[in-house]
């Protein structure tokens with residue numbers, strides 16, 4: 001059985017992780033590739049009241065069920081299909097709906113804390129950090145949350161200043177040191193993305 005290549009992509013909210021992920025997937029034609037988003041693995045909060053769930057800090061590592069993510073990745077590397085959880089943002093807890101996820105040649109683990117957990121890092125063949133200026137990240141987050149999630153500009157800015165930025169500085173930015181590849185300017189850095197995808201193509205072909 002062909003070995004599974006696991007690629008980790010981390011970076012702050014709005015850094016361009018999705019763009020980088022899409023470029024990798026586009027450049028790995030001929031291989032089966034799938035995204036395993038860390039956002040799928042927010043912890044189940046059904047034991048909490050709705051008001052208690054509203055207090056959840058989604059920008060803290062504790063919000064994620066890394067044990068389940070690691071277990072799922074181990075099974076996938078061993079050729080076993082898994083049921084991946086999904087999250088219901090309206091009720092602020094895990095959904096009853098799961099995704100049937102089959103083993104692939106390449107699995108991309110993408111999320112703000114993709115490089116924060118050592119056990120998870122050690123499972124990765126390539127670790128990438130998408131590094132983007134803070135001003136650009138907040139502008140992207142403003143656009144996304146106001147247009148796609150119906151939030152007011154004030155609420156997004158307040159959350160950024162009180163939670164997102166402090167959590168980024170404390171937990172996300174320090175994980176940059178674990179990256180094999182750092183992509184400055186995020187998804188707009190075509191030269192870095194081309195070099196990175198060429199390296200990944202070579203690695204996957206050898207597996």
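Yeah, the Cβs are placed from backbone N, Cα and C, and that goes for glycine too.
Positions annotated as ATP binding site by Swiss-Prot, on the basis of sequence analysis: 11, 12, 13, 14, 15, 16, 17, 18.
Here the features listed in Swiss-Prot are placed on the structure.
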| residue | record | contacts (Cβ under 8 Å, 6+ apart) |
| --- | --- | --- |
| 11 | ATP binding site | 17, 112, 129, 130, 131, 132, 172, 186 |
| 12 | ATP binding site | 112, 132, 134, 137, 168, 172, 173 |
| 13 | ATP binding site | 59, 112, 137, 141, 164, 168 |
| 14 | ATP binding site | 132, 136, 137, 138, 139, 140, 141, 144 |
| 15 | ATP binding site | 130, 131, 132, 137, 186 |
| 16 | ATP binding site | 130, 132, 183, 186, 187, 188 |
| 18 | ATP binding site | 110, 187 |
**OP:** Starting from the Cβ centroid of 11, 12, 13, 14, 15, 16, 17, 18, which together make up the recorded ATP site, report each further residue of the same chain whose Cβ lies within 8 Å of that point, ordered by sequence.
**Re:** 112, 130, 132, 137, 140, 186
Subject >> Cβ atoms near residue 17 (ATP binding site) (within 10 Å, other residues, all chains) >> reply: 27
